[in-house]
Amino acid sequence: MCVTFIVSTYYAVIIAWSISYTYFAITGAWGKDTQSFLFKEYLHVADKPGQFGGLVPEVLIPLVLVWIIVLGVAFKGVKKGIEVVNRIFIPLLVVMFLIIVVRAVTMEGAMQGLDAFFKPDWSRIFDGKVWLAAYGQIFFSLSLAFGIMITYSSYLPKNSDTTNNAFITGFANSGFELLAGIGVFAALGFMANNMGVPVDKVASAGVGLAFVVFPQIINELPMSPLFGVLFFLSLTVAGITSLISLAEVCFAAVSEKFSLSREKTIGIMGTLLVLVSLVFATRGGLMFLDVVDYFANNFGLITIALAEVVTIGLILRRLPVYQNHANFVSDIKLGTFWRVSLLVITPLMLGYMLIDGTIQNIKKNYGDYPTEFVVTYGWSIAAAFLIVALIISLKKWNAQIHSDSAKLEKEWKDRGVS
């Protein structure tokens, strides 16, 4: 929950940027120099890392709107809030992305981008770093170890087919990523063709891709305001649905752990989320966001995931019980590979990622930031995640949850699932 909390705070700010850029797409405010507009005119980025520099009104106003939406949905509850919003937003998101993809693949030079996207480099098939990067990509894109899967699955009816749901989730996620990749690389191919350079020369990562490169692409399109609005509105919709999921993890965990009502929990945790997110709405917010995001995901999240797998699989040895239960209620059977992937492959991958990341960051500060800044807002925050998580874990869950768990264990044994 600790990592999920901090990720929620800066994720809300990125959604606020998307809302602003949806408006900028109509007015064309970003002009020709989209990089200068983002960093100087919109974010007013501070001169040095560690400087707060005051709140940026252009970011603060849409940020308030984001939290009004997210907390409003949370107060409505799971059925009337989260479920209703997802039933509307997910189909809307798919439709908007389909329109963007169809337009992107029909642009001149699109095939150049699609070739870069789909053409494999067989010379790197045995490169361990490629497989590690692929593992990391699917790990983060599925939001594993954030607690989202556990929280949402707890709202399912008892004896739901979780194996089938897991396959649907995985394939749906990969399918949407494929669709998004086609749209993005087709658009990059269009831009590369216009500039007369290879695709890798125009490709970017992080905020630069969405808020610098894509506005440049949109500038070159006929009816650019329409497609600009579609693109940034789709980012906004996707972001809000994700943020609702992240926030729900915090609300559900605190409510159940400390036996608080949902309304009281949302009031307390919602206030904390809003207040902390203000840090990332300052002039120094981009640099704070960059370093906190890196350490939260690459150290905090991976450490928690590794601890979960080792504790459940190797120390408590609960995988056979969970496997038998899943197989009892599902036509899709989990076999040896499932256990090997959780007991061997996953710990090795996560362990290597954690050790390698630590070594690389000891050799050289992330992003070439000053040591004091990285230690204060990177290493210290990552360590704080773990300390707070350990402290919270010392408090027992409320009696009702223990009672429900005991009843479930008894049902499994009565059915021979143990």
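Even glycines carry a Cβ here, placed using N, Cα and C.
Look at TrEMBL and you will find 6-31 (among others) tagged as transmembrane segment.
Distant neighbours of the transmembrane segment (52-76): 12-13, 15-17, 19-20, 42-44, 46, 82, 84-85, 240, 243-244, 247-248, 251, 263, 266, 270, 273-274, 277-279, 281-285; these residues of the same chain sit at least 6 beyond its ends, with a Cβ under 8 Å from one of its Cβ atoms. Taken from TrEMBL, the feature transmembrane segment applies to 52-76 (among others).
The transmembrane segment annotation in TrEMBL covers 88-111 (among others). If one looks beyond the transmembrane segment (88-111) by at least 6 residues along the same chain, the residues whose Cβ comes under 8 Å of a Cβ in the stretch are 176, 179-180, 182-184, 186-187, 189-194, 221, 227, 230-231, 233-234, 237-238, 240-241.
Feature annotation from TrEMBL assigns transmembrane segment to 132-155 (among others).
Sequence annotations record features per position, and here TrEMBL assigns transmembrane segment to 167-190 (among others). For the transmembrane segment (167-190), the residues of the chain that approach it from at least six positions outside its boundaries are 94, 97-98, 100-101, 104-105, 107-117, 138, 141-142, 149, 199, 202-203, 209, 213-214, 217, 220, 332, judged by C-beta separation under 8 angstroms.
What TrEMBL lists as transmembrane segment is 230-254 (among others).
The transmembrane segment annotation in TrEMBL covers 266-289 (among others). Packing against the transmembrane segment (266-289) from elsewhere in the chain are residues 5-6, 8-10, 12-14, 16, 39, 43-46, 49-56, 59-60, 63, 67, 71, 74-75, 207, 247, 250-251, 254, 260, 369, 373, 377: each is 6 or more residues past its ends and has a CB under 8 Å from a CB in it.
According to TrEMBL, the transmembrane segment annotation covers 295-316 (among others).
Annotation source TrEMBL lists transmembrane segment at 337-355 (among others).
Remote same-chain residues near the transmembrane segment (375-394) are listed as 1-3, 6, 50, 257, 288, 291-292, 294-296, 299-300, 303-304, 366, 369 (criterion: CB distance under 8 Å, separation of at least six residues from the stretch ends). What TrEMBL records for 375-394 (among others) is transmembrane segment.
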Requested in this report: With pairs restricted to those 6 or more apart in sequence, evaluate whether the transmembrane segment (337-355) and the transmembrane segment (132-155) have 3+ C-beta pairs under 8 Å.
Outcome: yes
